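Chemist: Quick one: the structure is below, questions incoming.
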């Protein structure tokens, strides 16, 4: 009995020891993601089945999340973990790059530079900017360790030589034609949804490729022309996000296939100099997101890459590092008719549309609103000026006076004996002012209305809320009264009394 209890305790102890050392079972790798603020980093990262909600990490200067990699769909324990560090993209935050890419993790790290393909006129400028920032940062890391930097450069050169084009293509293309979809359905694969596609890439059987035993780059054959002339010692992947924008560019800006080919070949030339891979992705249309994750696993963990190079579909370009050469680019470059001069600046061919310039100019002219109290104060002063001008200006003549003036002018022309307007009128029961007010009762009201409005805005400006409310209620409750209106009422009462006496 005692021996059985000891065996059970040993079993539980073994389980606890294994769980405590669980972190030692898988390797960890890091990915630093760089790019402009709206280049599509977060959406691309959200397709990698990360632990954190990537959308909630937006507008954070340096965000972090990770995803675990499993050997197959039946595995419970991960075989690897990828740590993703995403820099928001503001120039003032470049110093934070030291937390995601430093001397401790640079040997097991790769860099992804995201570009916004919906604005192709900014692609080269943005790519060169981030490559310059990355180069300056890496050189600052190894400023006192030249040998360490040389070892990383040799390692990247060896990785370039080791690339081999896959012999079979996995069903990881996110957007395919109808015929391809039928073929995929026959093979019981469904690449139509990105979530399924990403999980297939993560949970498929992982197979490590045979890595060459070469450790010295000097024994390898020399690289071809323009390859790795700017060797930073770190694997780089240039991801052109929002590649589904080709439809918008064709429709709104009249982009042709030849111009897309020119853009692709120009980017390939830059990637060749840094030994970088190139891929077009779209998180919204689920294009090449799974291929991107598969490529990351191949670079960091050495897992087999089953996706072939893609140069046919203009929104699904994929050129892995190690496949391209300057000769291949030149062959494709000669077939396009946009520009034959390789030294022509990119900005002269892919020009920024003028409509975008006007839109940016209107956005820069920001409108600053006045403070509420200042705004109400301006209205009050304007009302006060209107009241003052109405008092100083002569009153508008009534229709009666205008008609009498017309009669007077006509009588003067005809030299008749009819008295002019200056002739005294016969006495009546009502004064002329009362007649005017009775015929046009609104004549005296504008000043009263302005006074009410002035009181209203004065109450809003007042700091004392209680007193302002009382003034507002009193100004709105009591209608404007004048001495003219009271005289009119008395005259009306007298007329009624006269009528009553006549009936008697």
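Every residue, even glycine, has its Cβ placed from backbone N, Cα and C.
Per Swiss-Prot, the features are:
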- 35, 36, 37, 38, 39, 40, 41, 42: ATP binding site (BINDING)
- 167-189: compositional bias 'Low complexity' (COMPBIAS)
- 167-195: region 'Disordered' (REGION)
- 383-446: region 'Disordered' (REGION)
- 392-425: compositional bias 'Low complexity' (COMPBIAS)
- 437-446: compositional bias 'Low complexity' (COMPBIAS)
- 464-473: compositional bias 'Basic and acidic residues' (COMPBIAS)
- 464-504: region 'Disordered' (REGION)
- 475-487: compositional bias 'Polar residues' (COMPBIAS)
- 488-504: compositional bias 'Basic and acidic residues' (COMPBIAS)
Chemist: Neighbours of the ATP site 35, 36, 37, 38, 39, 40, 41, 42: Cβ within 8 Å of the Cβ centroid, same chain, sequence order.
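Modeler: After dropping the recorded site residues, what remains is 89, 114, 116, 241.
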Chemist: Within 10 angstroms of the C-beta of residue 37 (ATP binding site), what count of other C-beta atoms is obtained when all protein chains are considered?
Modeler: 13
Chemist: By Cβ count within 10 Å, point out the most packed of the binding-site residues listed: 38, 40, 41.
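Modeler: Result of the Cβ crowding comparison: 41.
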